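Undergrad: Once you've had a glance at the structure underneath, I'll fire off some questions.
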Amino acid sequence: SLLQGGSAYLPGRPEIQWKNLNPMQLMEELGQFTSVDGFKEMLDKADVGQAYMERPCLDPMDPQCPESAPNKQKRRVPNIAQELAGGCYGFSKRFMHWQEELILGGTVRDSQDRLLSAEALQTMFLLMSSRQLYEHFRDNYEIHDINWTEEKAAAILETWQRKFVELAQQSAPENSSQIIHAFSTTTLNDIMKSFSDVSVIRVAGGYLLMLAYACVTMLRWDCTKSQGAVGLAGVLLVALSVASGLGLCSLLGIS
């Protein structure tokens, strides 16, 4: 929850974040001023409870570890393998369950199939789409003078992903045995774009090498046994088929 930015403000309360948000307590306080029965019913159906406030802290000595954490009073570091066995739950225990296979890799188990350790841990951040981000801030007064568009929202998301990947890769200490691999949609698009870029020099050089190979292997001094023209025609046919394929993709708008 420390990595999930997001914050909200309420008069008379400290800044509300995932690491200090207790939905049940918040509903009780808001219930003194307005009816929140609908919200309570929704939270009950989703089995939210106290959200992350009732989950164990990685460091129970951390001052920000809530008193409601199960290992806060005992000051005991949690058994990570035991906590992650069978997967883990998100904000809603009913609708947000991450299976063990999705978050752990290289697992080691005992003879009774109990999880002992894992070599890899995967975490995921779900971002808004560019359309959702645009709609979310469209009526916000703070951006009324920047000509807010969906294209700008997409640019912000792309910049955020690039910065996140950069910071994630730099977060591991130099002498650490841990390796961090950060991947995002922007990274995938960059990879696809790099493979889609066509170098005219490389393509021409490749076909010249193919032409030379075909001529050398199929050309004979005896004209009756020479098939150099066949090799030349084959290379030209391949070149024309690739060119026609690229032209068709360009015509269809596929890049």
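Any Cβ shown, glycine's included, is placed from N, Cα and C.
Dumping what Swiss-Prot says about this protein:
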type: TOPO_DOM; residues: 1-197; note: topological domain 'Extracellular'
type: CARBOHYD; residues: ASN147; note: N-linked glycosylation site
type: CARBOHYD; residues: ASN175; note: N-linked glycosylation site
type: TRANSMEM; residues: 198-218; note: transmembrane segment
type: DOMAIN; residues: 199-255; note: domain 'SSD'
type: TOPO_DOM; residues: 219-227; note: topological domain 'Cytoplasmic'
type: TRANSMEM; residues: 228-248; note: transmembrane segment
type: TOPO_DOM; residues: 249-255; note: topological domain 'Extracellular'
Undergrad: So if I exclude everything within five residues of the ends of the transmembrane segment (228-248), which remaining residues of that chain have a CB under 8 angstroms from its CBs? That is, six or more out.
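TA: Sequence-remote neighbours of the transmembrane segment (228-248) are 198, 207, 210-211, 214-215, 217-220.
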Undergrad: Taking a Cβ cut-off under 8 Å, which residues six or more beyond the ends of the topological domain 'Extracellular' (249-255) line up next to it in the same chain?
TA: 196
Undergrad: For the domain 'SSD' (199-255), what is the mean per-residue pLDDT, to the nearest integer?
TA: 78
Undergrad: How many helix, strand and coil residues does the domain 'SSD' (199-255) contain under DSSP?
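TA: Its residues divide into 44 helix, 0 strand, 13 coil.
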Undergrad: Between ASN147 (N-linked glycosylation site) and ASN175 (N-linked glycosylation site), what is the CA-CA distance rounded to a whole number of Å?
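TA: If we compare the Cα positions of ASN147 (N-linked glycosylation site) and ASN175 (N-linked glycosylation site), the gap is 46 Å.
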